[in-house]
Structure formats: structure tokens, C-alpha cells
Amino acid sequence: MSLIVRKIASIIGGFIFLYGIYIVLHGHLTPGGGFAGGVIIAGSFVLFVLAYGTDESGEKKRFFIASIFESIGALFFIGIAFFGLFLGSLFFLNFLPQGLPLKLLSAGTIPLSNIAISIKVGAGLFSIFLALAATKYFLEE
Amino acid sequence: MALITDLILTPIVFGLIGMVIKRISRWLALISSAISTYYSIQLLGLLPGSFTIRLTPPVPIIFQLDLLSVTLSIATSVLTFLVVLYAINQKIRDRFFVYIPIALGISLGALLSSDLILFLFFWGFLLAIVFGLLLVGKEGRDPSAAAQKALFLLGASDFAMLLGIVLLLTTIGIGSLTPPFPKPLTSPIAIAGFILILAGGVGKIGGFPFHTWIPKSADVVPPATMAFLPSVLDKILGTYLLIRLLTRIFIPSPSIALLIMIIGSITIVIGVFMALIQPNGMRTLAYSTIGQAGYIIVGLGTLHPIGIAGALFHMFNNIIYKTGLFFTLGSVEAATGRSNLEDLGGLAKVMPITFFSFLISGLALAGVPPLSGFCSKWMIYQAIIQSRSHWLWPAFLIAAMFGSVLTLAYILKLLYATFLSEPPKDLDLDRIQEATVNGWFPPLLLAVGAIVFGVFAYSVPIARIIQPILPTRIEALGFWQPVLATILLLIGLLIGLLIYLFGTALRAKESKIFIGGEEIDSEEGRIPGTHFYSSLPQIYMLEKIYTFGKGGAFDFYNYLVGIFTSLGIVAGKVIEFLIQKFYEVIAAIYRIAGGVGSEAHSGILPNYLSWLLLGLFFLFLFLW
Amino acid sequence: MNLLPLFFALPLAGAFLIPILSKIWRGFSDLIANSITTILLFLSFYSLNLFEEGEVIIYKMGGWPPPLGITMVYDHLSALIVISIAIVVFAASIFSIRYLEHFTGRVKFYTLFMLITAGMMGVAITGDIFNLFVFVEIASISSYALVAFGIEKEELEAAFKYMVMGEIASLFLLFAIALLYGRASTLNMADLANTLSVAGRDQLFWFVAAILLFSFAIKSALFPFHSWLPDAHPSAPAPVSAILSGIFVKVLGVYALIRLSFNVFGLTPQNSPIFFHILIFLGLVSVFFGGIIASRQRDYKRLLAYSTIAQIGFIMVGIGIGNFWAIAGGLFHILAHAITKSLLFLTSGAVVYATGKRDLEELAGLGKTMGITAWSYRLATLSLSGLPPLVGFFPKLFIIIGACQAKLYWLAILLAILSVFTLAYLLKIIRKVYFTTKEVSTPETPFSMRLSMLFLVILMILFGFGFQGLLNSLIIPATKVLLNGTGYGRAILGG
Amino acid sequence: MFFFITTLILIIIGLYAIVTKTNLIRIIIGFAILEYAINFFFALVGFKKGALAPIITQVDGPKNFVDPIPQALVLTAIVIGLATTALMLSFAIKLYQKHKTFDITKIKELKG
């Protein structure tokens, strides 16, 4: 990609990432949440990969890391649910203090779940992108 | 009550142990059949009674004991013991001895169970074991095709029976094999259920049209299997079911009786006439088994007390001599390694005990008085004549009588070809030895049984066994007096023997065949037994008329026999052919429909999707 | 502590633990998957004890009361399905240990394996219709991926076709859910049942019913909607084929259909005969065509796949007759067929493992060297074609009893005849593969494979002899759940 | 009513593409259309005329919201749709790699 694209990507990418985090953290207050935020986070990574390009080995490395993060996100999510089971004898029980409505630190486990989902979705989408992008190696054969 | 569970479970458990420890399976089979013989005799002390076992709370498992079931249980156990005894040192795979006790246990269960569902359970279970048993082939033979055919035919008849039982259960509410009193067959559903169960019984007994697996198996499974399966187990179970069905569960109507008798007559015709033209001893006996099943069916179909008693008696006789015949021919096969009649001959000298057993059993099978087969057939004839249920009755009588005559014919052929004819050159008689003790003892015992059941027909089997089983009194057996006849016959035989000894018989002179200045090899002069009736299928009416004109009364008999024989053979062949064609047509339909269906799966996705949409369209059409 | 969510949460957790932990040590994937399936097996049988508290066990996810939150509902019908799933999955996971030697992506395989388990378990115990859709999709998507697992030409083709048809079904299911939501404004199945039984049956009701039937008919591969199955099931690795054919189609198709049509829509043969006639018709056509096309196959697994179509047809006929014994037979057949068909597919896996071939014409004489495999196959054949004392006998008996009670005698006769057909096509494999006196030298399968086959054989015999206990503890209560109709809604929500 | 008809038309277009098109990618596009149509419909189910978006900005604000549940559900459906589309695309790519064609009618090795 051209220098302009790279430069702008490096400027914008961080903002996109930050915006994704914003969406995730306000998931229990405003529209959005784990999935939407995760997609945006993945978008920032995709932007970097598109701008700076990648080679096969780099792609494999990223894919490896992404898949680990994906599993961690999912485990985190299920872990929260299991915590509910162990602490309050109900799966997915909202065992944390709920706080006041419309405050950032409220709604118990929901923000945590949103974070877990965002990790899972971001990593998952990014790895899907990488997997599809990898097809260019064999389609060019 | 515990006795019953012991009786049923002991053989099964022994069989299962034998499955694990193959080495001792033979002895386990022997021991278990002996034990079940002991137990089943013990059952006599419990009579009469019904026993309920509550395995799981709501549905009890009901066993009912009456004389019929107990007697048949004893017979099954004893015969199984003999089969195992006979087979124990033969070259049969160990699996055979695993299945035999299991089959014994299951069939005892079937005989003793009163509940129809329980009965069905045992019955179907037995089918699986029979399949396994038929899979144990002779050395170097592949029995799979025969076993599959058996499984298919027996499976079909079993499913028919299942359907019938379900029909009875759901519509009439008959759930027991031993209801307090029989019900009349009136509603069409009940008749349908009856006929379906009948199909199960007929299939088990080996009757038309479920019989074709028996001759097919005869070549490929060991003789002991043939002795055990079609001639003991299936006969006993089939007869049991039919007797229960016709006497305890229902009061059948005359048209039903006609149906049964037609089935029986066809079975006789097929069995006897096909037996006549087989080139192989085992196959002959297999067809003979079918033919004798026909007698049982006809006897039951008369619905006359004598007929039913005769059928039951015939069943006993049949398992006695038929098992003996399979044993002796099996010994012959084991000793010589051949089974085609053409390759055998002259074994009477080297296997005298086997020969004697075969002679007695064979003559009993042919119904030569005073041996056992005669009296029961006589009772069946009597019943046919006395019941006269339909104007067709002479046809049934003729079928039965000619069947009997021709049975003698093929038995003589077997006897001649195996034991009496000049041996073929490559059969070295000096090397052949009499069977070992357990090889000759069971058939000899059975031959003695055949004599006892024949000579003392009234005093032993009928009075002691059959009369107590059946509710009605058996009377009017005609003027046949077996003991007297035996004495007369013995006197006749004695005179004949005297003549033989002191007459000229011993002075017969043997010399080489000498024709046209050339010594002819004795092999060319030999008449193998297979040629005995080889001309029968090609009999020309003209020749017979010619001989008739020349010969007189005796030739008239010949002529009649000729006509009926050829007719019978033609009929037998035609029926076999039709059955074959029927299967083929079904197979063809099956194949064509399968082909069309298979072609339709062309692998093209849009086609599949259009089926989906079509289906959706119809769903909307009907539901919306 | 209520263990209900563990049924789907454990495999779900396993699915994500496996990729991480197997980076440390490869053996973790086997270990985790097998221990989870073992736990599930014990849990599923243990869960029968829960019914002492009541006929229906309701689990409120996150503590939300039923119409609002997602509820898990565990009754005897769910228990039957859960037990079937647990049995099949347990056997398949043991079998996979050695079978996967031929494949590279062991970790991915187990991840998908756990996901498909989680999806099926979720379908079986969920009480929320959208949740049902989600679990259906989890299971379906993993199954698409598992079908394509070998990534060879045939596997990919099968997977793509399967996916096209499966997704049509899934999307129509979603469409039906949308319509239902638009009508009743609720997603809880119990609430839905109550609402629908109060409101009359208008055009929209039947429209939704038709769409649902279409969707589940595809999922359960009834005849005109079946064409993906004979491609997809044989293409998957053998343990997966065992899961797909053994239980997957029944959970996603049959179970979901009967749960919705009986308990939510309140359909009975009396008030909606057409619906049930359609079920009988589809079932019969499936039995017939599945059977005859199966007997034409040359491929070991493809034959079994067609046989699955036929056997699903039996289940559907039983359900379609709709009286007590017929439904009991259908439900019993779900369990019986799960055991037998997965056993049959596992034997195919053993044969492929030992010889590398699936073509019946090329295989011969394996009966001698692969004794356990051959005997498992034979017993499964006898069971599937309905010979006592194996488990397959009773379902068919009950279905025929049901048909007779409903005065559908022609149907009873047809079913009895078609049962013999089952024998015909399954015997083909015995004849071609296990018989023949030809000497071959293939090794017996590894211990773990034999173990899993033996496990199923023992169950087959055990359930056959102990059918009475099974009937009382599981089948009859499950049948009662279905016959209870929309009483389901009242049982859960009360009032 | 207009929306329902639109949905129906979209569904039919999607099905038409899936059934009649032979190109793998077009089939996948057909699926996308079908999926969007159904999602669209689902989102419409919760629609109320003149109601607000279901976002609470203060604790006791106006109560006239559209039904938020369908939107949440549609979001889930979209996630699932994402997964299926991705998987299907990867199948398509792999199929192309093996068969060198995108024509589904030419990919017919499994038959009978």
C-alpha cells in the first residue's frame, strides 16, 4: 500500500481501537456492546494488516495469537457464567453488586461479559480475515 | 418357579461361558443339555400350574406349565442332548456348541412362556441364534448365502407373526398363549391376525412357502446342524405354536382348515417329490423334512381330534427318525468325506450299526408298518377321511398317501445308493471304519425309539404321552393292531430268513461280467443310486400304457404311480419355480425402484434444492 | 446445586480449553474431550435422580424468572435425548483417540466435537425458542465443519451441499421464530404454548407450522428433504458420522419438531389430522426410498447413511400415528437407533482404519481378523432390523402396536414388511465385508476402538433385556410429556 | 404491510439466487440476501409507530419504546450469519482450489 494509506492507517487505527473499547465498555448503557465493539477492534487490526501487508509467516503468527485470544475470550465468558454457578448456584447469575443505573460501573457481570465477548469476537473476526486472506497464497499458484 | 428360570437360564449361561472359553464349550453344551433334561423332567412334578415371575414391577413374566409344553420341553432337551452327544467329537467349529445350548434355553423359554409378548421375544431371539448357528458351515463351505436366505424367510414369517400377535393384542385383547377357553374366529381382523400367526408357525415348521432355506442349507452346514435345526427345534416349536393356535386360542372355521390343509398338501408334494430327484443325501433328507412337515400341517388342518393327535404323534416320530437319519448320513459323510450319492456305496459291510440304524429309521420314515411312522400317518389318513371338511378331501388323502409311497421310494434309493450298491472304484472300503461310540449310539438309540414308538404305538406313545396332552379322547383308530402285526411280520421275516439260510440264496455265484469276448470293468456295470428314479421325470405316457397292456394289474399300479409321480414332480418343480420367480419379481421391483431412486441422486445441487422447494410448496398446500 | 447447565457449559468450556491447553501438550485434547464426555455420561444418568423433585425441572439462567429470561427445561423427554447424546458422544470420543491418527487437525477436531456436543445438549434442554435456534446453529455449523474435516474433494462437496440445505432450514427456522415472536411477543416456549392455545388457529398459525415442519424436515432428512444426508454423513470422519447419523439428526430434527409441535403448538392427531398424516406420509416414503436406495449402494458408509433416512422414517411414522404406543415406539427408536447406528458407523470406521477402503466390492473376509468389529456389526444389524432381545426390537413392536390401535392396519403391515427390508440391505455388508472365506491379513482394531464398540454392544443387549426398566423410567414418562400437549406451558409457568 | 411484502420479495430473491444460480459465490450472496431479509423482518416485528429507540438515558424517562428484544435477537442472528457466511466462503475457496471451478453443477462426484 502507498505511504498515504499507511500513514493514515497508523493514525486512525489507534482511534478505531479506542472507539471499539469505548463501545465495549458502554455496552450495558448504550447500543453496542461486546459484539459491536469486538468487530470494531477487529477492524482496526484488519486495517493494519491491509495497510502494511503481511507475509505467510507473519500471518501464521498472528493467526496463532488470535486463536489463543479467541479461546481466552470464550473461556472468560464461560468462566463468568461458572462463577455465577459456584457463587450463587445459578449459571450466569449476576453475582456482582449491580450499582446505580446509567453509571459506568454498574450492571454487575455484564460489562465483564461484554469484555469477554469483545475479545472473542475481535480475535475471531480477525482470524477469519487472516484465514480468508491466506487463500491468496494458494489461489495464485 | 425357580426351576423354570434355572431351566431356561442354565443352557444360556453355559453357552455364554462356552463363548468365552471356547475349549470347553463342547462339554458345556453336553452338560447343559443334560441338566435341562433333568430339570424339564422335574417340571412334570409341578403340573399343572402357572408361574409368574416379576422381574420388573408392572409387567409380570408369566410362564404356564401344561403337559404339552412340558412334554415338548423334555423332548427338546433330550434330542438336543443326543445331537450334542453325536456331534461332540466331530469336526465342527466350537461356535456350534456355543449356540446349541443358547438355542435350547431360548426355545425352552418359548415353549413355557404363556405371555404372547414374552413368547414373541423368545421366538425372535431364537431367530438370531438360528442365524448364528447356520453361519457355522462345513469345512471349506461358505454358508452365508444359505444363512441369509434362512434369516430372510424366517424373518419374514416372524414379522408376520409379530404383526398377527399385535393385531390380536390390540383388537381382541388376547395376550396369552393359554387363555382359559378358545374364542371363535369371527371378525376379519382376528382372521387376519390368525393367518399371520399361522404364517409364523408354518414358517417355523418348514412349510410352504417358507421352506426353501432348508435344502439350501443342507449342503453347507454340518449334519448335526441339520439334525438339530429343521428336524428337532423347528418342528417342535412350529407344531407347538400351531397346536396352541388351533386348539387353545381359537376355534377355527372350516375355511381356515381348508387353507391349512392346502398348505400342508402342497408342502407334502413339494417335499416328497423334490426329495425324489436329489442327487445328494443331505438334500434328500432336507426335502424329506419339508414333506414330513406337510403331514403335520395336514393333520392339524383336519381339526379332528385324531388328526391333531396324529400330527403330534407324527411330530414325535419325525424328530426321532429324522434325527437318526441325519446322524447316520452324517456319520457316512464323516467317514467317507463325500455326500453325493453317486460317490457312495456298499457301506453296509463296514458300517453295520450305522446301516442298521439307517434302515430302521428310513423304513420308519417311509411309514413301513409296524415302525413308528406308519401309525401316525395312519391316524392322519383316518382324520382326513373322518373329518371330510371339504369336498377336496380326497385330494388331500391322495397327496398324503402318494407322499408316503414315494417316501419309501426315496428312502430305498438312499439305502441302496449309500449302503447296498456296489462301491465306486475310488472308494476304498477297507479304510472306512464304523463311527465311534458317540457316533453310532445316538442313531441306534433313536432307531430303537422308532421301533418302540411303532410297535407299542398304543401302549407307549399314545396312551402315555399324547392322550394326556390332548383334551379329547382318541378313539376309532381303525383296525390297525401294531403288536399283532409285528408278531405276524416277525414270523414272516423268520420264515424268510429260514428260506434265505437254507435255500439257494447262499449259493449265488459271482463272476466277472463278460460281454462280447471282453471283460467289462465292474465300474461300468455299476448302478449308482442316483439313477434309481432318474427316468421318472421323463416318463412317457405311451410306454406306460404299453406296459399296462402287457403287464396287467401290477402294472396298473405302476402306471398310476408313474402318472402321479410325474405329475408330482412337475408340480413340485412348478411350485419351486413359481416361488423362485416370485422372489425374483420382488427383487426386480426392489432393484428398479432402487435404481430410479439412485439415479435421481445425481449430485447436482439445484436439483436437490428444487426438491426442497417442491416439498415446501406441498407443505404449504396442505397445511396452510 | 443444580447441574443442568453443565450439560452444555462443560463441552462449551472444553471446546475453548482444548485449543489453549493443547498448545502446551498435545495429549490434553484427548484427555479433556474424553473426560468431558465421560462426565456427561455419568451426569446424564445421574440426572434421572433429579426427577424425584418433580416431573419438570426448571432452571432459570441468571436467576431471571421464566417468561423474561432464558429458561432451561429438563423433563423426561429431554432426559431421553440427553442420555442418547451422552452415550453416542462418549463412544465416539473414545473411538476418536486412535482413529484420528490419519488426520492432522486433532485439536480442531476436538474443539468442533465439543461444540457439536454443546449444541445438541443445548437443544435438548432449552426452554426458549430463540435459544433453541442458537444451539441448533452451534451444532449445525460445527457439523458442517466436521463434515468437511478431511478437506478432500468429496468432503468439501458434501459439506457445501449440506451447508446450503442446512442453512436454508436454519434461516426458515429463524423466520418462523420471527413470525411467532411477532404474534405472541414472547420467546419462552412455555409462554408461547399458553399464548398460542388461547389464541385461535388462523392462517398465520398454519403458515408458521408449515415453515417449521419444512425446516425440521430438512434437519431430520425426511424423504424429499433428505438429499444432503447421504453425501454428508459418509464424508465425515467415522466417529462424527456416528454422531451425525446416530443422534444429530434426531436432536435437531425430530426432537425439535416434536417438542414444538406437541408442546408448543398443541397439535394432536385429533385436532390437526393433516399435519400428522403428512408426518406419516413423509416417514413412510423415507422408509421405503431410504431402504431401497440403501440396498443399491457400494459404499459402506453411504449405505448406512441411506439406512439412517429409513430409520428416521420409522421414528416419524411412530410420531405421526400419534397415539401412546406409537409415540413411545418412536421415542424408543430414537434411543435404540442412536446406539445401533452409531455402532454401525463405528464399525465402518474400524474397517476404514484397518484397510483404508470403503468400497464394498474391494473389501472381503474381515470377519476372521476383526472379530469384535464383525460381531458388533452383526449384532447391530440384528438389532436394527428388529430382532429380540436386542434393543431395536421393541420400538418397532410398539410402533406396530400403535398403528394397530389407531386402526391403520395397512400401515402396520407395511411397516412389518419394510422391517424385513432393513435386514436385506444391512446383510449386504455382512456378506461382502465380513464373510467370504478369502484369507486376508488385516490387524484387529486398536483397543480403544474395540472398547467403544463393545460399550455400545453391551448397551444394546442391556437395554434389550432391561427394556422394561427403560420403558418405565424413561420412555413412558417422555411419551407422557408429549401427550400432555400444551400442558407443558402450564407445568412450567404455573396456572 | 409494505414491509412484509418487501421482506417476502427479498426472501424470494434470496431463494431464487440459491436455487437457480450455479456459481458458488452467487449462492453465498443469495444466502446473504435471504438472511438479511429475515433479519430485516425480525427487526420489523418489534417496530411500533411513533415509538422511541430503546435507549435509556435517564432513570425515569419516557416509556414509549419500540420492542428492544428483536434487535438483540437480530444481533445474535447476524453473528451466526457471519459465522455461516465465513464458513461457506471458506468452503467455496477450498472447492475452487480442488475442482478449479465455481460451478456447483460440475461438482458432482457424490451421487447414487
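If you go along the chain as it appears here, the first residue is 1 and each next one adds 1.
Placement of Cβ uses the backbone N, Cα and C atoms for every residue, glycine included.
Just so you know, TrEMBL annotations never went through curation; they're auto-generated.
Positions annotated as transmembrane segment by TrEMBL: C:6-24, C:77-97, C:109-126, C:163-184, C:204-225, C:237-262, C:274-294, C:303-328, C:334-356, C:377-402, C:408-430, C:451-471 (among others). Per TrEMBL, domain 'NADH:quinone oxidoreductase/Mrp antiporter transmembrane' is recorded for C:128-422.
Beyond its flanks by at least six residues, the transmembrane segment (C:109-126) meets 4, 7-9, 11-12, 14-16, 18-19, 22, 29-30, 32-33, 36-37, 40, 70-74, 78, 81-82, 85, 89, 92-93, 96, 100, 103, 132, 134-143, 145-146, 149, 237, 239-240, 243, 247-248, 251-252, 255-256 of its own chain at Cβ-Cβ distances under 8 Å.
By the Cβ criterion (under 8 Å, sequence separation of 6 or more), the transmembrane segment (C:408-430) is in contact with the transmembrane segment (C:274-294), since 3+ such pairs are found. Here the transmembrane segment (C:451-471) does not lie next to the transmembrane segment (C:204-225) in space: the count of CB pairs under 8 Å, restricted to residues six or more apart, is fewer than 3. Within the chain, the transmembrane segment (C:274-294) has long-range Cβ neighbours (under 8 A, six or more residues past its boundaries) at 209, 213, 217, 221-224, 226, 230, 261, 267, 303-304, 306-322, 408, 411, 414-415, 418, 421-422, 424-425. When Cβ distances are compared across the two stretches, the transmembrane segment (C:77-97) makes no contact with the transmembrane segment (C:303-328), since fewer than 3 pairs at least 6 residues apart fall below 8 angstroms. Non-local neighbours of the transmembrane segment (C:303-328) in the same chain are 220-223, 226, 229-230, 232-234, 241, 245, 249-250, 253-254, 257-258, 268-269, 276-291, 293-295, 297, 334, 337, 341, 344-345, 348, 360, 384, 395-396, 398-399, 401-403, 405-406, 408, 411, 415, 418, 421-422, 425-426, 428-429, 471, 475-476, 478-479, 482-483; each lies 6+ residues outside the stretch with a CB under 8 Å from one of its CB atoms. Same-chain neighbours of the transmembrane segment (C:204-225): 136, 140, 165-166, 168-170, 172-173, 175-176, 179-180, 183, 196, 249-250, 252-254, 256-257, 260-261, 265, 267, 275, 278, 282-283, 285-286, 289-290, 308-309, 312-313, 316, counting only residues six or more beyond its ends whose CB sits under 8 Å from a CB of the stretch.
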